[in-house]
Amino acid sequence: MKDLFYFCIGVLFCNLKLTIAHYTQQWAVHIHGGGDIANAVARDHGFINHGLIFDDHYHFSHSDVAKRSLRPNVEKKAKLAVDTRVSWAQQQRAKRRVKRDLKVQDSDPKWPYMWYLNRGGGLDMNVIPAWMEGITGNGAVVTILDDGLEKDHPDLLQNYDPMASYDVNGQDSDPSPRYDMIDSNRHGTRCAGEVAATSNNSVCALGVAHGAQVGGVRMLDGEVTDAVEARSLSLNPHHIDIYSASWGPDDDGKTVDGPGELATRAFIEGVTKGRNGKGSIFVWASGNGGRDHDNCNCDGYTNSIYSLSISSVTEHGHVPWYSEACSSTLASTYSSGAVGEKQVVTTDLRHSCTSSHTGTSASAPLAAGICALALEANPNLTWRDMQHIVVRTARPQNLEAPDWQTNGVSRRVSHSFGYGLMDAYAMVQLARNWTTVPEQHKCEITAQQVPRNIPPKSMVTLQLHVKDCEGVDILEHVQAKLTIFSQRRGDLKIQLTSPSGTKVVLLAHRPHDNSRAGFSVWPFMSVHSWGESPFGTWQLEIHNDGRLLGEVRNWQLTLYGTATPPAYDTNGKADSTNTIPDTFSEDILLNSIYDSSSNWESGAENRKDILEVEEKETSGCSQPKGNLCLECLPGYQIHNGYCLASCPEKFYNSLLDLDDVGDLSHLIRNQTCISCHYTCKNCKGSLDSNCLECFNDAKLIQLSTESYCYPIRLVSDVKAEKWYYYMFTALCSIIVCFLIIAVICFWARSCSKRKSEYRKINYINYDVPDIRNMEKDIKSTVYSDSE
């Protein structure tokens, strides 16, 4: 029992460590001036330069930094912070990215079993008519961002493209997966076979675009950081046409996460510069969190306007049990369903074949293959052209969902299936004569009637009237960027109604989401109003089904679209823009996840802060470099290149992050000032539970060993929660004491019973004559009073 107890504790500890995003040896560094200067910076500070992520952004690593650490390396951060050649730097954190696959074991690699391609009668994705016209994806290049690609698989070898492949985890050009006993890295090879498995070679099956070239990027079989994702998304963008991704943050129904600053920049660089200005096409699996009531609008990859989000349909046209319903899903393809329903046939590891590929992991590569067919029909399609074609050709027929509705331009749309099942032949036909859509514009309207409280078991309704939206008369994507305070995020439900009456659920209830983080300028996205007019009254409804008060603090409506309707009856030339327009300029920061442990927001802001520091205690500098300082004397902290006797407001000393690391002498001279959580005026750490002092509109509340800054209007609710916490703790303590007493009583009673039985056994061991002789001896014995 003792060994079992220690084993359980060990497993629990390991799982706890895996759920915490740890800091790695890797850094992303923004350096102007070219590779020579980047190499010099790396050499001066002991880093290794692994090369460009994209323009002026480099991927560094440092061998002296711990491979896994719960805290950032303040010493290396301080060195880079004061180097004038460095505009921006960030220590990379390992992100949890899960492969959106369902582990079901079965295998049959024959063409007759590829039901999703050959059933006919409107019950497949209509690829055979496209093949009969000679459209097989020839000339298109697709890469699979995943855990590797078995490039020598006999069904992939002919179509393998080394220029579309790379091993970001291993830093080499070979994307081959790492083999193990359970074939855990089979995911990428399976996805690649769906796209471009070779036809008519008597091996396994054939891909949707079996004439296309396919590559693989090995990036999930290791620590996934912002830099790793950015390098993968920006690999050879003028050669690769389509990036297919069947992964994302945890589909556990309680995670809100998305691309970081670098990955967001990679998306924007891809759609503006990729494919020589026509834009890279990013196809993304919408997620497998249906069982946990997850919502893909909480996934910053699938709800991005730059990705083509794909959901799944079962063999019988139903919503799969794993499917996530959300307003950002554009369309669907076939995949697995319930027990007994057929699954997807594709290539597998060790030169084998499988008929058990499942989940939205199988849907996204099928969609990527269909997009490759459309690109062969018209190589000039832009990334937005592809989305327009999908919207216009997807089929809602034979798909069963309870929420089908007709939007303002008479298109049927659903949260589970988007605009319906992708139709390969219809896409090819429309692509052939497609004219490039007009330029994309964006307008933003901020609501004025916030902040507003959201009472428990109630809802608030906010309205926004759009009278003028320059350049946007025909809608494409709609984003509602919300900042909401909530003590239990899963209790919220958010709905948006367009002026045309199209009502979408931006966020459904998530029973497992107990987070108190709320949402901070989170962009909830909808494609349900595609083609509608933006003018009129937009209505936002926020439902709070919890028992505590919430608050909506900011609401901004961002409308993307065109000034004129697309004309798609004649051929046209694609836009060859190679610069990032103002439309995208602020999306990088809006989509990034705030990291309170880092003081880097942008190079320009950091340099500006240096000029605005009022207290410049340069007398504490022990190692100056120009007007800045690289190292301080004991008792001073580095802040923006200066040595201060104490950290300014909203910052804390980095030594407070170190509990017990032995000899601190090597860190005493490298103390830095780290930013507090945005709710704290002064603090002792980077978390919202480390506040020491609050701003005027908030009050410090102590909960056990943690202290938070809550808005004054919500203090009464927080105190009520604190009272419930104490009552719950007391009740648990009483129950534990009762159980301990019961165990002790039971143990004592058991011991008494065993002693009684022992005495009986000893007495029974005597023979009857012996007992009678003993009785006679006792009776014949005479004792005196003294005796």
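One is the number of the first residue shown, and numbering goes on along the chain from there.
Glycine is no exception: its Cβ is also placed from the backbone N, Cα and C atoms.
The annotation signal peptide is assigned in TrEMBL to 1-21. The active site, charge relay system annotation in TrEMBL covers D146, H187, S361. Residues or ranges marked as domain 'P/Homo B' by TrEMBL: 436-565. Summarising the annotation, TrEMBL assigns transmembrane segment to 723-748.
H187 (active site, charge relay system) sits 7 Å from D146 (active site, charge relay system), counting Cα to Cα. Most buried of the active-site residues D146, H187, S361, judged by other Cβ atoms within 10 Å, is D146. In this structure, the C-alpha atom of D146 (active site, charge relay system) lies 10 angstrom from that of S361 (active site, charge relay system). Across the domain 'P/Homo B' (436-565), the DSSP tally of helix, strand and coil residues reads 3 helix, 71 strand, 56 coil.
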